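Report on one structure; see the data block that follows.
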Amino acid sequence: MAEQECPVTNLLLLGRSENGKSSTGNTIIGEKYFEVNLFGRDMDQRCKMFRALIEDGPIINVIDTPGLLESSVSGDYLSKEIMNCLTMAEEGIHAVLFVLSITNRISQREEFTFNTLQQIFDDKILDYFIVVFTGGDELEADNQTLDDYLREGCPEFLTRVLKLCGGRKVLFNNKTKDKGKRNKQLNQLLAHVTDIRQQNGGIPYTENMHRKIKFKNLKYSNVKL
């Protein structure tokens with residue numbers, strides 16, 4: 001299939017660097033394009049996009065957003081950078097991957113970011129959310145599944161996030177060299193992306209959509225006043 005005939009899927013990565021966000025991007029692409037150090041932290045300081053060509057599948061553009069969940073980042077900066085990502089992805093964003101780790105506790109920063117995204121981009125952005133859990137190797141070592149992990153004690157915040165995004169979740173093992181396992185987790189992710197496309201009528205989240213939502217909310221607040 002010629003590249004220009006393939007559908008394009010734009011995926012936006014959000015999450016703390018120590019959650020394996022950039023490593024997840026590399027796993028999706030199949031190459032180590034996003035730089036990470038020995039501790040799994042991002043080395044890049046700017047939003048970057050790299051492309052993967054999936055055999056008999058879509059063209060995948062993965063956009064990484066390093067540093068957006070750091071404690072020093074303001075809501076205004078977060079909004080600006082996400083808008084830059086929307087501009088970078090000309091066709092719009094087909095899915096937002098909210099990357100968490102089973103080995104790290106959910107921080108107040110992640111709650112702040114999630115709540116800020118809702119405020120800035122309205123609940124519509126949640127229609128494109130997929131929660132990606134890293135640390136699949138840890139669960140495999142303990143002979144556990146993701147559902148086992150969540151049943152053991154799911155924080156209230158995470159329960160709310162999963163409910164708001166329709167329960168879309170996937171477990172990633174970014175350390176495995178097993179091609180079959182890598183393909184399986186990628187296919188699970190892409191199945192969620194297909195679900196998002198169907199639910200949204202094939203329409204990605206775009207900069208223009210954000211402007212319309214922002215104008216509508218502003219108009220509504222003026223009417224209330």
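Note: Cβ is positioned from N, Cα and C throughout, glycine not excepted.
Over in Swiss-Prot, the protein carries these features:
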- 6-214: domain 'AIG1-type G' (DOMAIN)
- G15, R16, S17, E18, N19, G20, K21, S22, S23, N174: GTP binding site (BINDING)
- 15-22: region 'G1' (REGION)
- 42-46: region 'G2' (REGION)
- 64-67: region 'G3' (REGION)
- 134-137: region 'G4' (REGION)
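On the structure: features taken from Swiss-Prot.
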residue : record           : CB count, 10 Å
G15     : GTP binding site : 25
S17     : GTP binding site : 23
N19     : GTP binding site : 27
K21     : GTP binding site : 30
S23     : GTP binding site : 21
DSSP residue counts for the region 'G4' (134-137), split into helix, strand and coil: 2 helix, 1 strand, 1 coil
Farthest-apart CA atoms of G15, R16, S17, E18, N19, G20, K21, S22, S23, N174, residues recorded for GTP, distance in Å: 15
Rounded mean pLDDT for the residues that make up the domain 'AIG1-type G' (6-214): 86
DSSP-derived class (H/G/I helix, E/B strand, else coil) of G15 (GTP binding site): strand
